[in-house]
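Here the structure is laid out as C-alpha cells; the discussion comes afterwards.
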Amino acid sequence: CFLSLLDSMWYMVKLVPSIMSNLLNPDAIFSNNEMSLSDIEIYGFDYDYTLVFYSKHLHTLIFNAARDLLINEHRYPAEIRKYEYDPNFAIRGLHYDVQRAVLMKIDAFHYIQLGTVYRGLSVVPDEEVIEMYEGSHVPLEQMSDFYGKSSHGNTMKQFMDIFSLPEMTLLSCVNEYFLKNNIDYEPVHLYKDVKDSIRDVHIKGIMYRAIEADIEKYICYAEQTRAVLAKLADHGKKMFLITNSPSSFVDKGMSYIVGKDWRDLFDVVIVQAEKPNFFNDKRRPFRKMNEKGVLLWDKIHKLQKGQIYKQGNLYEFLKLTGWRGSRVLYFGDHIYSDLADLTLKHGWRTGAIIPELRSELKIMNTEQYIQTMTWLQTLTGLLEQMQVHRDAESQLVLQEWKKERKEMREMTKSFFNAQFGSLFRTDQNPTYFLRRLSRFADIYMASLSCLLNYDVSHTFYPRRTPLQHELPAWSERPPTFGTPLLQEAQAK
C-alpha cells in the first residue's frame, strides 16, 4: 500500500501542473452533437435568460412577492415574512418530492446523492433517506414527467429553469417554518400554493411591472447581445424570437439592451407563445398586435418582419415561413420547454444557455479544485487497485482512504454550492439535469456572447469520451478551438 501511495503521489505531482496549463475557457461553446454553423441559415431565440439576463435583485423580488401572496391570499402565517431569499441555497435541476416535502439532487441513473436531501432548510440524515426510499434509487414511475412536472401520478417535480430558484427557496422556507413550530400541514397543498403564488407573480404582472419601472436595476445591460445579433444579420442569417413573455415587457427590455430598432433585426417576433404548448398544439392561430398592443382579428397569411404576433403554433409557423429542420438553430435556457420538442419532434438544432457554466468553469480552473480532484481520483484508483489485499493492516489503510475520500467528496461539493454541489455532477455521475441537457441540446454555453468567439461556418465536434470498456487514449486528441483553452483565448 505504501509503495502504491508513493507512486500515486508522484503521479499527482506531475499531473497538476499539466492540468493547470490546459484550463478550459469559460467563454467556450461545448458540443454534445456534431454541428456545423455553415448549415444554419435561421437562428431562433427565447427571451428571458437567453437574449436578456437579470440581476440578483429579480429573484429577491419574485421570492418576496410570492411570499406575500401566500400570506395575503392563501392565509399562510404572517410569521413566514421573516424569511428572506438566500441566493446561495438552491441550484437548478433539483427534484422535489411533493408527498414527502424534500428537495434533493438526483443523478442520471435516478440515484439520490446522499447529503443533498433537504427537508425545509435542514439536511436529512442519510439513514433516514435510505429508509424513506428503501435505498437511494427513485423508481421511474415516481420521477417527474417529460417536462419535469409532478403530474399523472408522478410524485417528483424537477425545477429546470432559472426562475425556479426563488420557488425552491420559498418552498423550503415555509416547510422550515411549519416543522420548527410543530404545525401539522399537508405537503401537497403547500407545494400547490407556492407554485400558484410563483405563477401569479408572473401572470398578474407583478414581476413585469417592477422590471419595467426600474429596468436598470433588474436587467444586466449587455452590449454583446446586440453584437451577436448584428454579426448574424451581417452574414445574411434570418432571425426570429419566440417567447412566453408579453409584448410591452419584451419591447422595453430589447430596446434597453439592443436599441429602439431591435425589431429590424428579427424576421419574426412571437410573444406569449405558451411554450411548450406552442410546439405541440396545432389549434391555436396567430394574432397580430398593433403598435398599441391591441390584438387584431385579421387572418394571418404571412408573418411579416417588423410586426409582433401573439400565441400561434409551430406547425402554422413552419407553414407560413417555409423554414425547415436542420437549417434552424434555436437557443433557450429551459431544456424542456425550449428545446426538447424541437430536437425530438421537429429536427431543429438546439443550443442551451446555461449561465451557471461560466462560474463553475472558473471554479474548476482554480488550483485548489484541481489539486483536490486530482487527489480524489488518485484515492479512488488506489482503492480499486488495493482492495485485493485482505490482510488486517491493508484493510485498515483502505478504511482510512475511504474516510478521506468521503471527506474530499464533501469538500468538492462545497466548492460549487454548500448544500447541493455542482449543477452537472453528483459525487461520480452526471446529474439528471446534465443527462437531459446532453439529450436535448446540440451545443451549450454560458451566454450568447460566446458565439462571438466563433466564425459563422465553424463546426463543433464533441469530444469522444471513453466508454467504460474503451481505452482512455482513444478519446485524446490535440486541443483545438472546438473547446478553447483559457490560455489560447487570452493570447488572441
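Here the Cβ of each residue, glycine as well, is placed from N, Cα and C on the backbone.
Residues 472-492 are the range that TrEMBL records as region 'Disordered', among 73-93, 388-408, 409-429, 472-492.
In this structure the C-alpha atoms belonging to Asp48 (GMP binding site) and Asp333 (Mg(2+) binding site) are separated by 8 Å.
Around the Cβ of Asp48 (GMP binding site), a 10 Å sphere holds 21 further Cβ atoms from the protein chains shown.
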